[in-house]
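Taken from TrEMBL, the feature domain 'Tr-type G' applies to 3-180. As annotated by TrEMBL, GTP binding site applies to Asp15, His16, Gly17, Lys18, Ser19, Thr20, Asn127, Lys128, Ile129, Asp130.
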Amino acid sequence: MDNNIRNFVIIAHIDHGKSTLADRFLELTGTVEKRRMREQFLDTMALERERGITIKMAPVRMGWQGYTFNLIDTPGHVDFTYEVSRALAAVEGAILLVDATQGIQAQTLANFQLAQKEGLVVIPAINKIDLPSAEIVRTEAEFVSLLGALPEDIYKISAKTGEGVEELLRAVIKKVPPPQNKNEEMLRALIFDSHFDPYQGVIAYVRIREGFVKKGERIFFLATNSTAEILETGVFMPERVPKNMLSAGEIGFLATGVKETERVRVGDTIAKNKSADSLTGYREPQAVVFASIFPENQDDYEPLRESLKKLKLNDAALTFEPEESGALGRGMRSGFLGVLHMEIVAERLRREYGLKVVFTNPSVAFRVKTKSSEDFIYSAAKMPQPHEIEWVKEPWVRVEVITPKEYLGTFGSLVSEKSGKISDTSNLAGERLLFKFEAPLREIIVDFYDKLKSVSQGFASMSYEIIDYRPADLVRMEILVAGQNQPALAEIVPRGKVYFTARERVQKLKELLPRELFAVAIQAEVEGRIIARETVPALKKDVTGYLYGGDRTRKMKLWKKQQKGKKKLKSRGRVEIPPEIFLKLLKK
Ligand code: GDP
Ligand code: MG
């Protein structure tokens with residue numbers, strides 16, 4: 001057992017300097033040579049570098065003054081809390097970083113609570129003290145009043161200039177305990193992340209809790225009841241570097257050679273003994289936002305499925321199941337942790353897998369009770385008929401917002417527009433306050449975050465958690481085109497907004513639908529009643545153009561003939577809606 005190991009994470013609100021602090025640690029410990037150094041070194045995905053945010057946690061091993069550090073950099077956005085919780089399960093300590101110009105933000109609190117739940121030692125640190133606008137005293141006061149920190153325990157650093165960074169790493173040595181292990185013999189390792197390598201199969205990122213593991217050994221995945229022979233063991237420097245053995249307390253990777261991605265699950269336990277007990281991992285991720293993904297080209301359906309499987313290795317919260325929609329063909333009904341998570345998946349499918357895909361409007365999962373069953377409904381098309389339903393419930397969240405005081409008034413109306421009610425406000429040090437409210441998740445996922453940011457000039461921040469399911473007055477709205485129901489366009493809508501939404505949808509469709517030789521009705525139907533209607537006028541074809549002069553009755557005759565033809569067309573009924581119209585409609 002190695003007493004000189006320290007495993008820790010850096011947690012913070014988005015942009016407070018986690019990845020930059022990780023850079024300084026990499027430099028200080030000589031892990032990355034100076035000439036290879038670049039800003040936010042651990043943000044390796046193109047998407048991360050472009051957006052300037054961390055999406056994936058990144059583990060790295062560093063050696064300094066006789067100690068081995070395993071550091072995990074984490075993402076800060078509310079949608080990636082699950083990613084953070086997995087990193088927390090693999091370490092003993094956390095540096096909680098706060099930007100001195102911003103103060104404590106909603107994600108600071110949320111992450112602090114997560115770290116406490118995991119029983120980690122938390123080291124508070126104030127960052128960006130080099131900036132003239134840094135409010136160190138105020139931030140310190142917030143640490144004391146909100147997190148119960150002692151002033152003398154709070155480190156003050158600049159991740160940019162490096163000031164105070166060495167002291168902070170010394171604090172990690174002093175305050176974070178070395179890994180504790182009870183059993184030296186039996187291997188038990190926790191999978192906290194993974195990705196797919198075309199040559200070595202699934203690469204499992206592991207924290208070895210007990211025992212050791214070497215190349216060539218046979219291991220078991222306890223939850224999926226499958227086995228593999230280790231092709232390689234190693235550590236992150238931050239790129240993968242082989243090391244002949246991983247033992248208790250260490251963080252590293254196992255190349256498993258496994259090609260069937262579903263056999264390796266994040267949260268599962270690896271052991272050499274098939275009948276070992278599972279480590280109690282962390283909670284299963286709960287997808288809260290659902291949308292369907294359709295390939296623009298149906299030939300891409302299989303590639304889409306394969307790509308999602310590979311993405312899931314690296315993004316355990318992603319869920320999906322096949323779905324068939326008449327107009328759009330085959331696709332995947334997928335679950336996400338939030339709308340940003342959904343956007344990131346869309347981008348990654350495009351960039352990393354070269355797929356052209358369309359996402360339908362995001363929706364939440366509803367709990368629906370009928371006479372015969374009680375179930376989660378993930379898509380409007382599956383919502384039972386009104387007469388079968390006893391009740392519908394929807395997820396509610398508790399939202400915490402931290403904002404400068406002057407915006408409270410504006411937020412009051414924003415929150416009530418979202419069917420929420422502010423329940424609790426408290427003053428932070430200085431001119432800021434923390435308020436809480438409860439609202440349907442459906443209202444929060446769409447655009448609340450963007451609105452919050454825009455009314456507060458970017459100064460407010462939020463986090464939320466699901467609290468329960470509450471009764472909801474929701475209806476299923478169908479769209480009919482030329483009398484034909486279009487299941488891909490069905491939506492679940494709150495009763496109070498149904499007229500407004502219906503009008504919006506039929507008008508949009510009218511703009512997009514190509515004209516036919518006959519007039520086409522577009523209707524929105526709710527509970528058997530048509531509540532909005534538009535008509536796409538018929539394409540006018542001049543059938544009498546070739547007649548010159550002569551008797552009007554001849555024209556009449558031709559018009560009559562045309563009329564008849566149109567009737568016939570209409571009675572043949574179907575209007576084929578080209579897939580690209582659906583795609584345009586869904587793309588917004
Ligand atoms: P993360 O989202 O927490 O990983 O934050 P980043 O490390 O990506 O940093 C966000 C921004 O803050 C970047 O533009 C950094 O250059 C900047 N930054 C980070 N630390 C400091 C600091 O100590 N001083 C100053 N002036 N800027 C910093
Ligand atoms: Mg970062």
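Placement of Cβ uses the backbone N, Cα and C atoms for every residue, glycine included.
TrEMBL annotations: computationally assigned, not manually curated.
Overlay of TrEMBL feature records on the structure.
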residue: Asp15; record: GTP binding site; contacts (Cβ under 8 Å, 6+ apart): Gly52, Ile53, Gly76, Asp99, Gln102
residue: Gly17; record: GTP binding site; contacts (Cβ under 8 Å, 6+ apart): Leu97, Asp99, Asn127, Lys128, Ala159, Lys160
residue: Ser19; record: GTP binding site; contacts (Cβ under 8 Å, 6+ apart): Gln40, Phe41, Leu42, Asp43, Thr54, Asp73
residue: Ile129; record: GTP binding site; contacts (Cβ under 8 Å, 6+ apart): Ala100, Ile136, Lys156, Ile157, Ser158, Glu163, Gly164
Mapped DSSP class for Asn127 (GTP binding site), helix or strand or coil = strand
Under 6 Å from ligand 2 by C-beta, which of these binding-site residues make it: Asp15, Gly17, Asn127, Ile129? Sequence order, please.
-> none
Around the Cβ of Asn127 (GTP binding site), other Cβ atoms within 10 Å, all chains included, total 30
Largest separation between Cα atoms (Å) of residues that the record links to GTP, namely Asp15, His16, Gly17, Lys18, Ser19, Thr20, Asn127, Lys128, Ile129, Asp130 | 17
Under a three-state reduction of DSSP output, how is Asp15 (GTP binding site) classified: helix, strand, or coil?
-> coil
